[in-house]
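What follows is a set of notes on a single structure, which appears directly below.
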Amino acid sequence: MIYLDYCATTPMSDYVKDVYVTVASQFYGNPNSLHDVGYEASNILEQCKRQIANLLHIDPAGIFFTGSASEANFLTIVSLALAHRRKGRHLITTKCEHPSVLSTFRYLESQQFDVSYVPVNRYGQVSVDALMGTIREDTILVSIAHSQSVLGTIQSLETFAEPLVTYDILFHSDCTQSIGKVDVPIRQLHSLTMSGHKINGPKGIGLAYVDPAIQWEPFLSGVTQQSGFRQGTVDIPSVAAFTAAIEESFQHRTAYDQHITKLHHQFKEKMMEWPMILEGHPSNRLKHHFGLRLHGMEGQFVMLEANRAGFAISTGTACSSSHHEPDPVFAAIGRTKEEADQFFRVSFGISTTEQEFNAFIDFLQQLIDRKGEPM
């Protein structure tokens, strides 16, 4: 099976696996324990925080580890909203966010917060004017993902930072699909989230960063771990492996960019010959991501045919694909249900070979030839 679903998850690299096994074997203590074994684990945790902080140019005091980016989104957004609710209860996001973000805002609506969904253009992008038109006197937080997992569109977060600072509004971003692959304006953010398994790290580990200068309130009371941000013993082997994955992604970024750009242009050239539509922004996008529609074919059909031919692709974000309903992002960008049903996603990585990619291109050509339907 040729794997082309890197936006859903990525394989752990050999280096990351080695780090995980080594730390799991040698540093198995509870970092909250007061004996030497616990101290060794705690020391690994603090070393990892410092290493990540150096790579991302953030304060290690604001780093918290969670069980996933989904959990990190919930805890970060809720903790910030609770801490600032006396100032206001108005929150802003978009309908193009990851399901974990959308469900978090639905939860906050049930807790008497008021949520506005800023409109996006046909590429899923937010304009400064649209955002400014949504801000109110009681707005306390804006959450906009840096890159959209279904469409692949990258948001120009830096253009929002200045007006949000002017109005003293917190700025959160889900950077799960971006960090390690493209540049992210982290210094413009008050908080961000990311995931281990999206950058060739382990599953079951996410990261939340909240600027230590920003007040937050624990979602659960009485929690002693990680300053009360998240309950439970920190998984030190996963933290170490996650750190190694971030480190590796930064070290190999130039080689990654060259490889991904080559495959990107190769596929885009071929697309010009096909009855195919690229969703999301044509240029300001993740280069390893293609959100596509083939005229006259359902995405589910394309995905199943690809699977039968030995290629793993998807019909959208894996966190919502089991619901068998179009992602709300399609309604947000003005697509009909029929158009949304045509969607499928191809995403590749550093391990994807040119030979594998050419084989997938040949598969799509054969599929289109069988259909024989003009644009």
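These residue numbers are counts, starting from 1, taken along the chain as shown.
The backbone N, Cα and C atoms fix where each Cβ goes, glycine too.
Per Swiss-Prot, pyridoxal 5'-phosphate is bound by Ala69, Ser70, Ser195, Gly196, His197, Thr233; the candidate from Gln177, Gln251 named for the same site is Gln177.
Scoring each of the binding-site residues (Ser70, Gly196) by how many neighbouring Cβ atoms lie within 10 Å, the top position goes to Gly196. In sequence order, Cys7, Thr9, Thr10, Ala69, Thr176, Gln177, Gly180 make up the list of same-chain residues 6 or more apart from Lys198 (N6-(pyridoxal phosphate)lysine) whose Cβ falls under 8 Å from its Cβ. For Ala69 (pyridoxal 5'-phosphate binding site), the count of additional Cβ atoms within 10 Å of its Cβ stands at 28 [all protein chains shown].
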